[in-house]
Amino acid sequence: MPGWKYAFSLNREAVKAATPPGTVRLVEPTATIPEEDGTAAQNVERFSKYPLPTPDPADPLNWAPWRKLACISSVSLYAFVSNFISACIAPALPVWNLEFPEDQRKIEELMQFVAYNVLLLGFGNVFLVPVANIFGRRAIVLVSTLILFISTAIGATTSNFVGILIVRCFQGLGSSASETVVPAVVGEMYFVHERGRWMAFYTAALASGSVIGGISGGYIAARLGWFQVFWVSAVLAGLAFLCAVLFVPETIYERGAHCLPIQRNLPRPSRYWPRTPAPYLSLVTLPSMHMTLPSRFRYTGELDPTYTWYQPSSSGDLSSTALTPARMSKHARSSRATGLTNFTHHPYTFADSLKFGMYRGRIKYQFMKPWYTLRLPATWIAMLQYGGLVGAVAVISTIGPQLLILPPYNWGADTGLLFIGALIGIVLGAITTALLADRRLKAFAKKQDHGYAEPETRLPIMLPALALGTGGLLVFGFCAQYPGEYQWIGLEVAYGMVAFALTQVPSLWFSYLIDAYDQLASDCFVMICILRGAVPFIWLLFVIQWIERDGYLIPFGGFTVIMGVFSLLIVPILWAGKRMRIATARYVVGNQ
């Protein structure tokens, strides 16, 4: 298998022609179709569907559009509610001392309600994602939304500091799957050339939850009372749970019954029997797709080590269907037993979509697998950039309302209006991502001789977003340091800049990880969310003391430098992302 030295010794043409995991042929070779009169010809380009769908109606790739829309809307609602619940408490913190005068708390103590929530939101995935890989996505989404609903309802009846802190921790745990399992669900329902726009839809819902929660939380607490924040959140969590029960089927679909096992060596072509022309399979020519050995080839010789690989058993045969035993009819099971491949498929009904309870085993391996993804450079870059942006939003959403209560602003219960700027940034980020991501991928594939689509193709779109997000921190710090009658406009614009980046950057990274690492993507999301929880937790714990000592400009200037360094890490991926995928291919095919 190729390594780092090999990958960076290849010339540009060899890298362009190579097909490591993640490189797929999106555009079929141009076909020349003659007209009926035989005098003219027409060139036709066709986009391939990848992953390859099976004929089974239960295959998520084959679901009806209404079922896909219902599923992605439901999981996006869950993501929205999770971030709404996480954020709505921040503008309500000043109400605590008014609601509970016998339990007065400093603002840095009350900020623990936010800090520990985001910490558990990230670290909860260390447990939930491996369990989802073992028992299925549907089961974990249902359990998570149920935990979120129950803990929020309990919070509406809890009136002591420690009790609320515990509730906030369980709310974070119940929200964890919204940022790991849910993007995996989106990736398993859509083809490569469709994921960009639907991932933008999901991340827009994810980011807007924080904004809507920030806008409404202060109003609800100031006008209706502290406990109503939890009651409103409980209603939303209950709705998310109900939608998950009805409209989120299991999206893990086993495709690999007829695929070859992973092979790190390939036979010599001359040893195939009968001696018919055999394909030359190498790093340069083997497409990164789920391949099977044609039945006419029978290998009788020994193996040669070469720089090539087969994908693992996660996709179906090109000429036959891979089904789980539970989905086969009696005739289909007997057909498999006799070697026939004309399986009979049951229609996929609404009752089928309500089932759950798969078991995939390998418990120890599933819990260790997320940590193996730290060998993939893209995991580190995505986790640092996403963690930095979430930390920036967490600090702004917590500090901003406290700032606007003070003179010369004196906004009072209207401090949530700070989030209007963020809402505009989210809408713009979602629209630009949805319009550009898939269009750029297809346009790039059309220009290539081989018609290959590369995961790195979408990433340049995030360069302006990273610049805006980094600059937004500095703008916010400057406007906060020098308050004035109209400085709130700068605060709004700065928050919008960071929110734009928070919508676009994770959307493109999630699509990249799903395209490049397939079934390892959900494990990459675990590591990303660990840092996504740790960075805002650390920043929120010390930012108040730092601001009290040095003002706003120096702390936010420090955050700007940190985010700037994280943003520059995109350059190696843009320059040598495919070489990195070639170098780390053995980790991908060996840990699917």
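From the backbone N, Cα and C atoms, a Cβ is placed for every residue, glycine too.
Taken from TrEMBL, the feature domain 'Major facilitator superfamily (MFS) profile' applies to 71-592.
Within the chain, the transmembrane segment (75-93) has long-range Cβ neighbours (under 8 A, six or more residues past its boundaries) at 107, 110-111, 113-114, 117-118, 121, 141, 144-145, 148, 152, 168, 171-172, 174-175, 177-179, 182, 185-186, 201-202, 205-214, 216-218, 220-222, 226, 229, 232-233, 236-237, 239-240, 243-244, 248, 397-398, 401-402, 415-416. Under the heading transmembrane segment, TrEMBL lists 75-93 (among others).
Here TrEMBL flags 113-132 (among others) as transmembrane segment.
Sequence-remote contacts of a segment are chain residues at least 6 beyond its ends whose Cβ falls under 8 Å from one of its Cβ atoms, and for the transmembrane segment (139-167) they are 75, 78, 81-82, 85, 100, 103, 105, 109, 112-113, 116, 128, 131-132, 173-178, 181-182, 185, 227, 230-231, 233-234, 237-238, 240-241, 244-245, 248, 356-358. Marked as transmembrane segment by TrEMBL: 139-167 (among others).
Residues or ranges marked as transmembrane segment in TrEMBL: 199-222 (among others). Tertiary proximity for the transmembrane segment (199-222) is limited to same-chain residues at least six positions away from its ends with a CB under 8 Å from its CB atoms, namely 72, 75-77, 79-92, 95, 178-179, 182-183, 186-187, 228-229, 232, 393, 397, 401, 412-420, 422-423, 426-427, 429-430, 433-434, 437, 499, 502-504, 506-508, 510-511.
Within its own chain, the transmembrane segment (228-248) has Cβ neighbours under 8 Å at 67, 70-71, 73-75, 77-78, 81, 84-85, 88-89, 92, 137-138, 141-142, 145-146, 148-149, 152-153, 155-156, 167, 174, 185, 216-217, 220-221, 353-354, counting only residues six or more beyond its boundaries. Under the heading transmembrane segment, TrEMBL lists 228-248 (among others).
Positions annotated as transmembrane segment by TrEMBL: 372-396 (among others). Outside the transmembrane segment (372-396), and at least 6 residues removed from its termini, the chain residues within Cβ reach (under 8 Å) are 114, 118, 210, 422, 466, 469, 472-473, 476, 494-495, 498-499, 501-502, 505-506, 509, 512-513, 516-517, 520, 523-524, 526-528, 530-532, 534-536, 538-540, 543, 559, 562-563, 566-567, 569-570, 572-573, 577, 580, 584, 587-588, 591.
The transmembrane segment annotation in TrEMBL covers 416-438 (among others).
Annotation comment: TrEMBL describes 459-483 (among others) as transmembrane segment.
As annotated by TrEMBL, transmembrane segment applies to 489-512 (among others).
Residues 107-108, 111, 114-116, 118-123, 125-126, 129, 172, 176, 179-180, 183-184, 370-371, 373-374, 376, 378-379, 382-384, 386-388, 390-391, 393-395, 398-399, 509-510, 513, 517, 554-555, 559 of the same chain lie 6 or more positions beyond the ends of the transmembrane segment (524-547) yet place their CB under 8 Å from a CB of it. Residues or ranges marked as transmembrane segment by TrEMBL: 524-547 (among others).
As annotated by TrEMBL, transmembrane segment applies to 553-576 (among others).
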The predicted model's mean pLDDT over the domain 'Major facilitator superfamily (MFS) profile' (71-592) is 83
Using a Cβ cut-off under 8 Å, which residues of the same chain at least 6 positions beyond either end of the transmembrane segment (489-512) come close to it?
183, 186-187, 195-196, 199-200, 202-204, 206-207, 211, 378, 382, 385-386, 389-390, 392-393, 396, 400, 403-404, 418-426, 428-430, 432-433, 437, 455-456, 458-459, 461-462, 465-466, 468-473, 475-476, 478-480, 521, 525, 528
